[in-house]
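What Swiss-Prot records for 15-56 is coiled coil. Marked as domain 'NB-ARC' by Swiss-Prot: 144-453. The annotation repeat 'LRR 1' is assigned in Swiss-Prot to 567-591. For 592-615, the entry in Swiss-Prot reads repeat 'LRR 2'. Among the features that Swiss-Prot reports, repeat 'LRR 3' is placed at 833-858.
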Amino acid sequence: MAEGVVSFGVQKLWALLNRESERLNGIDEQVDGLKRQLRGLQSLLKDADAKKHGSDRVRNFLEDVKDLVFDAEDIIESYVLNKLRGEGKGVKNHVRRLACFLTDRHKVASDIEGITKRISKVIGEMQSLGIQQQIIDGGRSLSLQDIQREIRQTFPNSSESDLVGVEQSVEELVGPMVEIDNIQVVSISGMGGIGKTTLARQIFHHDLVRRHFDGFAWVCVSQQFTQKHVWQRILQELRPHDGEILQMDEYTIQGKLFQLLETGRYLVVLDDVWKEEDWDRIKEVFPRKRGWKMLLTSRNEGVGLHADPTCLSFRARILNPKESWKLFERIVPRRNETEYEEMEAIGKEMVTYCGGLPLAVKVLGGLLANKHTASEWKRVSENIGAQIVGKSCLDDNSLNSVYRILSLSYEDLPTDLKHCFLYLAHFPEDYKIKTRTLYSYWAAEGIYDGLTILDSGEDYLEELVRRNLVIAEKSNLSWRLKLCQMHDMMREVCISKAKVENFLQIIKVPTSTSTIIAQSPSRSRRLTVHSGKAFHILGHKKKVRSLLVLGLKEDLWIQSASRFQSLPLLRVLDLSSVKFEGGKLPSSIGGLIHLRFLSLHQAVVSHLPSTIRNLKLMLYLNLHVAIGVPVHVPNVLKEMLELRYLSLPLDMHDKTKLELGDLVNLEYLWCFSTQHSSVTDLLRMTKLRFFGVSFSERCTFENLSSSLRQFRKLETLSFIYSRKTYMVDYVGEFVLDFIHLKKLSLGVHLSKIPDQHQLPPHIAHIYLLFCHMEEDPMPILEKLLHLKSVELRRKAFIGRRMVCSKGGFPQLRALQISEQSELEEWIVEEGSMPCLRDLIIHSCEKLEELPDGLKYVTSLKELKIEGMKREWKEKLVGEDYYKVQHIPDVQFFNCDDEQRE
């Protein structure tokens, strides 16, 4: 558990020492001594990894090592950064700088020697206490494999007394299993405890399945297995009366099994396959010739797709509230009639906490089954948050079984993914995490593999999603993950792990017993503030590396610059929505020289100090502050050469001039203003993927186009509307032929939409607002073959008639027509928009009626009508009902009153 975090820290420190070797000259001897100790530590960590469970001494050892590694990294990086600040200062200060440098070097050498001695002492104490022998021999502590073997035993037995919510899933999978020959592998994935094995059992014993196949085998693979054992079990299941199987060698078993599967119709269930590599180890016995079929369960969706890219991949779903309560009532039948209503209310609250996880509901039911009064239930409810994932003080092993099963998914993670997972403990319950921000948090912590931050972070998140540790739905319209969050149960596991690791401290005004504060808060290097009223509790925590202020529901004012001075080692600082006294960001922010991430998103600030020039390591800088007064931004951002993400204020002082040409590593640049920066600054920003620009009077698209041509990797382009936005009008040079561009927003004046050949060939999403187009844009837009969504917002089109032609918009999924004040008639021809699923009509006061041709758009699933005349609703539930009768979900908002059809 902790060793993952510690190993990650050692790897980062080692990389830092190698990367900055030239700047560490003069203290070579001390650095070499530190490296020798790190080698020893790394070997010990490898030993500890296999035998760490059940030993407080091992955990304490790892915690000491983690502190030492962090301290060493802080010392080295501070020295390097201070040395960088002294370079290029001119001759005048040379002598003074030299004296300071010699003093710094002497101090750093002494500090490194101190760290080295501390490491040596820890190793010595470890040996004297016998911990090293325990690590090697294992003592009596349980290994992960022991725990795995103890709790993970599954059988094909069909007896399930508490089945709820699986009937539909069974029917969805049984059909393809017996009727579609081309489907050879069916994969069921989902988080631990969600009911994958239960669902597989029901399919395994279904009457249709039993009639269809000639033989059946069920094998639980789990984490620890041998190739021979799995093959042997399958063959035994298919040939139960063959007594010679146990005496066969591996080669013979492989041949017999291959021949058997090749000649008959057999169903093989591989339950709980953890890794793609596990499939690779056992796949040789499965012939290519079809006839046999496989049902595979895994926490990792990628395992099934790896086994067969054409497999039927099915995600087990959580129970809805009604199903959860139904399951709970089967386990805890009604007994106490006099207190039933009170107990029902308490019980439903606790069941909701289980988040639809069947195993959690069953465990909770088992805990309450022998408690017959409301007061007993209330006591359990008050402690359920901590107890359902912690070491239960109650004599009920089932609580620990839930924790251990869910924990196995965490234990299986590689070192860097463990770090990614633990970072999610920062966020409040049900918090929607913006993925792009999350990736930058990770990168600022050193979880960054050298690709772009976006690609690197997306790889990590998708792996966590595949392992069912994180929920992140990709909508039909998006090509990237936008938001993610944790299932409540998994979040509690995450927080529990972070607590054991001293990974972070959560600060908030205690409101319930579920509030979790890290053990030994003084050793925690990360803080997250969930309440503005708790901000003063920060105190002086000089070793803290990250501070996130999240989910503020009240005003948080920062009045004192000392807040920053007391946190000199910060790498991550998120002050979104914070208010600064006098609108000024304190100049002491410049002392946070280690800072990689700074967010002032929607913060109340109008003046940035020039001291931010000292933040040389900055990767992510969000200055998209709350709109109010123009913001003073000093021309020092050009010195942040490591920047990958930069979001500027939408409104800056008229005299602001920013030179950004040296920021060649930018992947994301938003609110770039042609008034405050030169378009020539863009020429070398060839890594940009997301770009938002606002025009000034002195710049037209033609001026900008030469720089835009350099953006060959661009995915999102936005011409941002503001009161200062100005464009003479559409010009013939308007060509946006970026092959990777998926999303285009136009907030500028155009008399007509550019022609089809002037727009990106693979564009998927177009948003138009304040364009004041006089010509109908639909004849052009409907020819874009890859277009999935179109939004026409405030005065995008000022004409009276709009037509969607037959055969147009072949892939369009979503259409929004909003605040088109002059639109009177909209015609939809039969055969237009054959894939449209979602339609929104909003505040088009002159639009007389819904198109008659909408009745031909049979793919429509949802229609929202908002801010329209009352007659619209009356007609659509009356004489015009034929236009919408095929749409499952029709909603009216602010047309009179809300109504759902």
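Each Cβ is built from the backbone N, Cα and C atoms, and glycine gets one as well.
Counting residue by residue with DSSP, the repeat 'LRR 3' (833-858) contains 5 helix, 5 strand, 16 coil.
Restricting the average to the domain 'NB-ARC' (144-453) gives a pLDDT of 81. When DSSP labels each residue, the repeat 'LRR 1' (567-591) comes out as 8 helix, 6 strand, 11 coil, counted as helix, strand and coil in that order. Residue counts for the repeat 'LRR 2' (592-615) under DSSP, split into helix (H, G, I), strand (E, B) and coil, are 5 helix, 5 strand, 14 coil.
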